[in-house]
Amino acid sequence: MANILLLLHPTVVTDQHLVENVKADIRKSVGDAHVEQHIIDRVTRGEVELTRNTYDKIIYINPNVHNRSIPASLMKLVYETLIDEGEFSGDLPTDQALDVLMTGFIVSDTNDQCWIKPKPIESVSIPLRRKGKKTDASVSASSGTTALPLFKKLSSNSNNNNNSSSPIGLTDSSAANTDEETDEANVMKRKLDAAKLTYFSDSDSENEEDENDDIINEDDLIKDSNQLDLRSRLIIPKSCEIPNGKKRRKACKDCTCGLKEIEEQEEAQQRSLQDSILGKMAQSATLEAIKIEERLKRQPVKFKDEDLAEIDFTVEGKTGGCGSCALGDAFRCDGCPYLGMPPFKPGEIVSIDSLGEDL
């Protein structure tokens, strides 16, 4: 009977029929199987311990499409829980291929969301056959055990034939020099040459990078020169020099040395600075006027009884705002009630007939 584990994401509660549908599909495809289910967060925190090499298949259910990443620690735990050739499938991410391979899984050729735990390959020892007489070392190799090579000292007769200054050599009595050993030596030599070539090519590329770092961009020099003072880089011709050796403060009428352009540039900068200052002052004045207007609206003007009292111009000592009503129309205001009447003396009783009609 197959053992199947369902790892549920916490957001699976949003769909109550999702897990039941997955279990129904398992019964149709596998038949009689032992199905377990756990929340993936509890497995990650270690609250639920899973037995190693137990489950034939692990299915990850995650309805959250925007977040399906799996940490490397959980991948390792799932790998240890599966049996050999077990499958880890479901809502798996497709952008973690490197983590999958580093853990030990193999991505299925037919389905990107199916990871397979490969069966370990057993190592097989292959004995090497040597030419020549069979020695004790070869016998031990055929029996499955490896023996150390035996060395013997050269005889004195062979030493006399060789140069007296040459050191005493040792010979390996366990094996003779064969063609296979020569081939192996040639292979090792080629590998060594390839390694040397790779090392020197890498060092050359590093030197080229260092040389590129020392190169100065010409555009940077131009930018630095533009930041200098324009007057310091100005070359004044001899015809523009003053006899006492001083420099001209203003450009000539027909300036050709560039001083006129510098003055125009400085004037434009000064004008723009003044415009910005005036603009800020106008803006601040407008804001202050708006604040004063709002403050006046919040505090309405109220007149007292003394301000609203009527003034009797016929009484001596009491005059209007202008104090010239008795002198005639030439000295009266636009709204004066005595307009059209002849002049009168202060204290004289004057009756106004039209005033009653208005009331």
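Every residue number used here counts from 1 along the chain in the order it is shown.
Cβ coordinates are placed from backbone N, Cα and C, and glycine is handled just like the others.
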Candidate ranges 240-257, 294-311 [criterion: Swiss-Prot lists as region 'Fe-S binding site A']: 240-257
Of 69-72, 149-152, 277-280, 333-336, the range Swiss-Prot labels motif 'Cx2C motif 2': 333-336
Motif 'Cx2C motif 1' range according to Swiss-Prot, out of 138-141, 286-289, 322-325, 350-353: 322-325
Beyond the flanks of the region 'Fe-S binding site B' (322-336) by at least 6 residues, Cβ under 8 Å: 313, 342-346, 348
Helix, strand and coil totals (DSSP H, G, I; E, B; other) for the region 'Fe-S binding site B' (322-336): 6 helix, 0 strand, 9 coil
For CYS255 ([2Fe-2S] cluster binding site), the three-state class that DSSP assigns: coil
Candidate with sparsest Cβ neighbourhood (10 Å radius) among CYS252, CYS255, CYS257, the listed binding-site residues: CYS252
